[in-house]
Amino acid sequence: MTPLLELKDIRRSYPAGDEQVEVLKGISLDIYAGEMVAIVGASGSGKSTLMNILGCLDKATSGTYRVAGQDVATLDADALAQLRREHFGFIFQRYHLLSHLTAEQNVEVPAVYAGLERKQRLLRAQELLQRLGLEDRTEYYPAQLSGGQQQRVSIARALMNGGQVILADEPTGALDSHSGEEVMAILHQLRDRGHTVIIVTHDPQVAAQAERVIEIRDGEIVRNPPAVEKVNATGGTEPVVNTASGWRQFVSGFNEALTMAWRALAANKMRTLLTMLGIIIGIASVVSIVVVGDAAKQMVLADIRSIGTNTIDVYPGNDFGDDDPQYQQALKYDDLIAIQKQPWVASATPAVSQNLRLRYNNVDVAASANGVSGDYFNVYGMTFSEGNTFNQEQLNGRAQVVVLDSNTRRQLFPHKADVVGEVILVGNMPARVIGVAEEKQSMFGSSKVLRVWLPYSTMSGRVMGQSWLNSITVRVKEGFDSAEAEQQLTRLLSLRHGKKDFFTWNMDGVLKTVEKTTRTLQLFLTLVAVISLVVGGIGVMNIMLVSVTERTREIGIRMAVGARASDVLQQFLIEAVLVCLVGGALGITLSLLIAFTLQLFLPGWEIGFSPLALLLAFLCSTVTGILFGWLPARNAARLDPVDALARE
């Protein structure tokens, strides 16, 4: 008969300083399917080390160990995990149940890593618990169960994937005599069902219940009676089959990892909340700065547009402040007509201006009188609260009409409801009021100077007596590039004048400069916010590292029941990402509250959350979770199962 478990000259040594301490010294042992074997020895005899090697939790330093003819030395970590999952079931002295899972969920764990579908897994767990007399305790947590009940849950977990070989480490060591007898009775039943049962104990009375007692002392076997031949030994109950395959198994495994991660986080609510706090603040900072910064930028740009965008102003001279007399008369009415004929010009309005006195009855104030065309008000986005602008007939006839700004109206007519039709003196010229223009309110503030507008023909012919213009404002048609239009305008006037005796001021250039400045400022503030997100990510990493340390025994349990290193890595990585995603969602909620609060105090601001901003926030959360969760997850996946199980 071929042995199920075959050990030949197994040695295991551990480093102790500069020396190697040999714990197992040439162990040779055969265990057959269906046997009930007890390995007995005093503390320090090497029996636990031998059990770890038998259960593929540890590897021998030298020698050969075969499981059903398969040499385990040739297997990698994942293959060893599969071997544990499909052939071995562990029963520990301290039960090693996961405290945040119910009895039913604890029993299901091995089948999760085997890829068994959820419905099958649930039915099998319930069947095993019912068989062991725990059908009314399936939803109980370990802390709610007695020691004997916890050990029975541990036995059910060992049987979940079939449990061909049951490895029981001091199964009665933490139990009272009655519970211990119940556990031994269950082990005898498992032997009768065809399971191979290996009991590791220091208690001779427990060992005596086995068919074969192997004694180990100082790393050597001192007693090894021959095996009792079993008839029709099957080597265990039917293996669990019908596992999902391909992408379904991957999706199912991911869902289970997500569920387990959520349960682990829910079991430590305060720690989870503290872990999330840094992410909440970081995401809220990033989203708030991006959204509020964008609202501020749009408001600034709107203010700039309110004073005229897509416009080019032409002034005489070389630059602002140039009062050289030879340039004062550079711009003529013929230049205006030539500009208006260009295909890229939507409108062109001249301007002549002079500071004059305005009088009405006994009110006498100083104001800036500006001669313009009717298009001037459209160019600068001005509206009329009363009346209207002057028409072409009034321009051609040098009509004595005037448009007031709202401040001038208030100074001259503080008590009149309607001022259209009233006559005032502009300088020494009487003029009839035909409208009141409202300038757009700007965050840059309003001018304190009172302003009135007359037809440019009236201003130059009747008031100032000059034949030249102080400036020309050109509005570029939609679809034409403003910079290209500025070049063509410069070329046109230079050809007409034979020299460049003027300069231009492009408002689009100002707009682009402001856009660049606000973009740079927003980027800087975003980087500051990203730093807070990075700090939050480091906090996640620190807490997850602590979590790995605290949950070392849990990791060992999962590996013992068949979890691969990749399964452990996936679970802890999902936990980190889950923390960051939930923290990100709370951070977005916080940023929404901040935005709505700001909007209450800043009614002119239009704060909106674009889908892109929300997507970027969740992307940041996910990336943060992956980046800062990878190191703790990797540390967890690299743990040695024997060392992990030994830690408390």
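Backbone N, Cα and C define each Cβ position, glycine as well.
Given the structure is predicted, the values throughout are model-derived calculations rather than measurements.
According to Swiss-Prot, the feature domain 'ABC transporter' maps to 5-243, an assignment based on sequence analysis.
The Cβ of SER43 (ATP binding site) has 7 other Cβ atoms within 10 Å, all protein chains considered. Annotation source Swiss-Prot lists ATP binding site at GLY41, ALA42, SER43, GLY44, SER45, GLY46, LYS47, SER48.
Per Swiss-Prot, the feature transmembrane segment maps to 273-293 (among others).
Per Swiss-Prot, the feature transmembrane segment maps to 523-543 (among others).
Annotation source Swiss-Prot lists transmembrane segment at 576-596 (among others), citing sequence analysis.
The transmembrane segment annotation in Swiss-Prot covers 611-631 (among others).
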### Task
Could you please provide the mean pLDDT value for the domain 'ABC transporter' (5-243)?
88
### Task
Count, for each of the binding-site residues GLY41, GLY44, GLY46, the other C-beta atoms lying within 10 angstroms of its own C-beta, and report the residue with the smallest count.
GLY44
### Task
May I have the list of same-chain residues other than GLY41, ALA42, SER43, GLY44, SER45, GLY46, LYS47, SER48 whose Cβ is within 8 Å of the Cβ centroid of the recorded ATP site, in sequence order?
HIS202, ILE216, ARG217
### Structural state of ALA42 (ATP binding site), classified by DSSP into three states
coil
### Per DSSP, three-state class assigned to SER48 (ATP binding site)
helix
